[in-house]
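Notes to accompany the following structure.
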Amino acid sequence: SPPSPLLPNPVTINYRHGLPVITLMLPTRSERCQFTVKPALTTVGAFLQDVQREDKGIERAEVFATDGSKVSDATLMEVLLLNDFKLVINNTAYSVSPPVKEKLSSEHATEMEDVKSLVHRLFVALHLEDHQIRKERELLQKVDHLKEELLPLEQMKARIMDSAEAKTSRLLWIGLALMSTQGGALAWLTWWVYSWDIMEPVTYFITYGSAMAFYAYFVLTKQDYIYTDAKDRQFLHYFYRKSKTQHFNVARYNKLKEDLAKAEESLRRLRQPLHLRLPIQEINDKD
């Protein structure tokens, strides 16, 4: 708890240009000193350190609330100045009553907003193009780096896709050959070996077996047996199997492609306003 003796208020707080100025008596030097603080940035601990640096004879500097609880050093001065508090320097406690900050009039507040808007527009006009050019260079370097990483992966992917495409096409031709052989065998058995009365139930069960096979395909894949979808599914099967044997990292490839697409899209969006503001000579040099 803070020391009991309370002296008459030697600590004053006034606002100058919107910032609080704390004036207090330095105990060792016996002179008044002013400290200008930024309420939204300065903490209680930083303020007390400034006071101790100003007077090396101060061994203890703390701040207490009116109820006797110690105020944390991490508390912002903006929060501290909302209520009365006690400032303890060495063994002496000072009661401090911050003045109520006057609110800006509506006309003054409007003028301040206009000034802030003007400063913002000036900053944008002076620095936006430099920022865009710097950002464009960063994106170009990123795009080039991603393309360099993708180049060997693209070559490996092309070889794997060619192999998978060849196997898929070969499977389709094998299927056509088997269906042609089946049709020829049924015709031969019907007209040269047996009669239609014998072959009719055979063809029925073959048709029923084909229907069962298509239904099993639907049960396993949850997709209808459509030739294009079945071809794509078989192609992916061959592709991933070949990728595993060739140590082709599909997840890494997809991630690089996604990053490249995002970088190129950001570059395209950045260049659209950039081309409207930069001189033609600089644009041509960059292109």
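In case you wondered, yes, glycine gets a Cβ from its N, Cα and C as well.
Here is what TrEMBL records for this protein:
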{"type": "DOMAIN", "residues": "54-256", "note": "domain 'Calcium uniporter protein C-terminal'"}
{"type": "TRANSMEM", "residues": "171-190", "note": "transmembrane segment"}
{"type": "TRANSMEM", "residues": "202-220", "note": "transmembrane segment"}
Average model confidence [pLDDT] within the domain 'Calcium uniporter protein C-terminal' (54-256): 82
Chain residues outside the transmembrane segment (171-190) and at least six past its termini with a C-beta under 8 angstroms from it: 196, 199, 202-203, 206, 231, 234
